[in-house]
Each structure stands twice: as C-alpha cells, then as structure tokens.
Amino acid sequence: MSFKTLSALALALGAAVQFASAAVPLVQKRATCDDGRTTANAACCILFPILDDIQENLFDGAQCGEEVHESLRLTFHDAIGFSPTLGGGGADGSIIAFDTIETNFPANAGIDEIVSAQKPFVAKHNISAGDFIQFAGAVGVSNCPGGVRIPFFLGRPDAVAASPDHLVPEPFDSVDSILARMGDAGFSPVEVVWLLASHSIAAADKVDPSIPGTPFDSTPGVFDSQFFIETQLKGRLFPGTADNKGEAQSPLQGEIRLQSDHLLARDPQTACEWQSMVNNQPKIQNRFAATMSKMALLGQDKTKLIDCSDVIPTPPALVGAAHLPAGFSLSDVEQACAATPFPALTADPGPVTSVPPVPGS
C-alpha cells in the first residue's frame with residue numbers, strides 16, 4: 001500500500017471516529033449518595049440531609065411561609081454587606097457569625113429572629129454559615145408556586161469579620177441613594193428591579209410594628225408578578241398607623257408598601273423595567289435566578305466553589321394569572337413608563353378585599 005493510500009485511509013478513519021463521537025452524546029457522570037439520591041458532584045451529597053432537615057423543621061414541611069420570606073431576606077442582608085471601598089465579606093455568613101454586631105444595625109431590624117432560627121442548623125451540620133444562608137434561601141424559594149431554582153455553590157469559608165454598618169439600603173432611602181449603594185456592590189439599576197422580585201414573597205414586621213407580617217402584595221405565598229402590578233396602583237390608605245418612616249400609602253387593606261418600592265416603580269431610571277415584569281413570569285424567573293446567583297457570590301471566588309445547583313428542588317408550577325385586585329381598573333395604575341403601554345389586565349370579580357397577614361408572623 002502506497003504512503004498516499006495509507007494517508008487517505010487514516011484521514012477517512014479519523015473522520016469516521018470524529019463523526020461517531022459527535023453523533024453519540026456524552027453520558028454525564030453522576031455521584032450516588034448514601035441515601036440513593038444523585039448529584040453531579042459527590043461533594044454535594046452533604047446537602048441532602050440538610051435539605052431534608054430544613055424542609056421539615058425550618059420551613060414547616062416545605063411550605064412557602066414566614067420562614068421562607070425571612071430566609072430570603074437574610075440572603076440579601078448578609079450578601080450586600082460588601083463594598084470595594086468600605087469593606088465587608090459579602091455572602092460570607094458574617095450576619096450569623098457576628099450576629100451580636102450585625103443584627104443591631106438599624107437596617108437589620110427584626111432579622112435576629114431568622115438568625116436565631118438558622119444558627120442551630122449551622123451548628124448541627126457540616127456547613128459554613130455563608131453556605132447555609134444561601135442554601136436555605138434557594139431551597140425556600142423553591143417551595144413557592146412559580147418559584148425558581150436559584151443556582152447554589154458550596155464551599156464558602158467562614159467569615160473573619162463583621163460587615164460594616166450602613167451597607168444595607170433602607171426603605172426610606174432615595175432612589176439615587178439605593179442605586180448608588182447597589183452600584184457600588186456591582187448591580188445595575190435593572191438588576192435592582194430584578195432582585196426586588198423577592199418582594200413577591202415577602203412581608204414587613206418593623207416598618208409598622210403595629211401590623212407585623214404584613215405582605216407587600218396580595219399573593220405572598222406565590223412567586224408571581226402581583227408585586228410589580230400592585231406597587232403601580234394608586235395608594236389609598238395605610239394598613240396600620242400613618243407616618244411610619246419608609247412607608248407609602250398602599251392600594252389594599254392588609255398590604256404594606258415600602259416608600260422605596262413606590263419610588264422605584266415610578267423613577268425614570270427603573271420604571272420601564274419595573275413595568276416589563278408585569279405578567280411576564282418567565283422574565284421574572286430567569287432574571288431573578290441570575291441576579292440572586294450573582295448576589296450569592298459577592299465576596300467569593302467562584303472558581304473555588306462547587307456547583308451544587310441540582311440539589312435545589314424543582315418549584316411547584318405557578319397558580320393563577322396576573323390580574324388587578326378586585327375593585328380596581330387600569331385607571332388606577334400610575335403608569336410611569338411612557339415607552340410602552342401598560343399590559344392589559346382584568347380585575348378579579350367582586351368588591352375590594354383585604355389581604356391577610358402572612359401565617360406564622
């Protein structure tokens with residue numbers, strides 16, 4: 001056989017092997033944990049017992065209730081303690097490790113309760129406080145209908161110092177002040193809007209202490225766009241007492257509106273992005289998951305962490321559709337985005353109703 005013929009045969013065999021490799025999909029290897037569950041990385045197996053424990057004993061049997069709301073709040077209050085100029089370790093668990101310092105910051109009012117609830121789980125399991133806070137937040141959101149699987153990375157080292165004070169935005173701060181603080185931490189104005197999808201499953205205890213557990217929208221147990229709709233409605237009342245710092249009038253009895261949410265929904269820097277979230281569940285889910293993942297990595301070296309995102313449960317499907325509350329019409333919308341029309345929504349039938357407090361608050 002001539003060298004020319006041999007070369008041609010080798011090329012043909014190489015092409016055939018290459019074609020076969022392309023045609024046969026690679027089989028992704030998965031680790032089987034002691035309890036039979038599988039994950040992409042064996043190091044993630046330690047999370048399954050923690051998952052079972054918090055679903056049963058922190059989240060009351062995998063509910064989307066008060067402890068989920070507070071755990072999600074804690075992810076932000078821990079992570080946003082980060083500034084390239086002012087210091088802070090970001091998502092490092094310092095709010096638990098140095099709780100006697102950080103829970104006394106004015107912006108962290110009331111957060112001592114969820115810190116106290118989570119500390120025994122951190123002590124019980126082989127996990128750092130920084131990892132536990134972000135893991136619990138991601139698991140909690142997955143309990144909510146319409147929720148998302150927030151990516152989770154394992155391996156944050158223990159915090160070495162408390163966060164500086166004054167890094168958590170307050171509800172009475174101006175839009176410019178909030179965007180400046182968030183910009184310092186690496187977030188654009190639109191990412192601030194995306195993060196605020198968290199208020200779809202949130203409530204306030206301390207803005208008006210007379211009405212603890214008052215939600216920010218009418219569906220606090222569902223991760224949906226009602227928060228973005230209802231913050232654009234004309235305010236009619238204060239659900240409790242008036243003249244509370246950081247509170248604006250709400251459209252519904254039993255629903256509280258933060259002054260910061262009211263202003264961000266109407267500010268030229270954020271209004272159109274805010275409106276774009278209305279009745280756009282895929283966008284809310286995708287943007288929130290991506291931005292929460294970014295926040296959860298503040299102050300961390302991602303290359304040193306392990307991707308354990310597949311441990312996070314799949315959330316229940318969204319129930320219900322975007323709507324105006326009963327008794328409201330599109331004329332009640334204070335539209336601040338001139339670039340696009342406000343989405344066409346219908347109102348629930350019946351008279352105006354009130355929103356009950358979040359159970360367990």
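Including glycine, each Cβ sits where the backbone N, Cα and C put it.
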If I go by Swiss-Prot, which of SER200, SER210 binds Ca(2+) 2 at the same site as ASP217, THR219, VAL222, ASP224? SER200
From CYS308, CYS337, partner that Swiss-Prot gives for the disulfide involving CYS44: CYS308
Mn(2+) binding, same site as GLU66, GLU70 - Swiss-Prot member from ASP205, ASP208, ASP243: ASP205
Pick from CYS33, CYS144, CYS272: the cysteine that Swiss-Prot pairs with CYS64 in a disulfide bond. CYS144
In Swiss-Prot, the residues GLY90, ASP92, SER94 are said to bind Ca(2+) 1. Which of ASP78, ASP112 is said to bind at that same site? ASP78
One should report the C-alpha separation between CYS144 (disulfide bond) and LYS206 (heme b binding site), rounded to whole angstrom, as 24
Report, as a single number, how many Cβ atoms besides its own are within 10 Å of the Cβ of TRP194 (active site, tryptophan radical intermediate). 23
Would you list, in sequence order, the residues of this chain other than HIS199, ALA203, ALA204, ASP205, LYS206, VAL207 that have their CB within 8 A of the centroid of the site's CB atoms, where the site is the one recorded for heme b? GLY110, ALA202, PRO212, GLY213, THR214, PHE216, ILE256, LEU258
Given a separation of at least six residues and a C-beta threshold under 8 Å, show me what packs close to CYS272 (disulfide bond) in the same chain. CYS337, ALA339, THR340
Do me a favour and check the Cα-Cα span between ASN126 (N-linked glycosylation site) and HIS199 (heme b binding site); whole Å is fine. 31
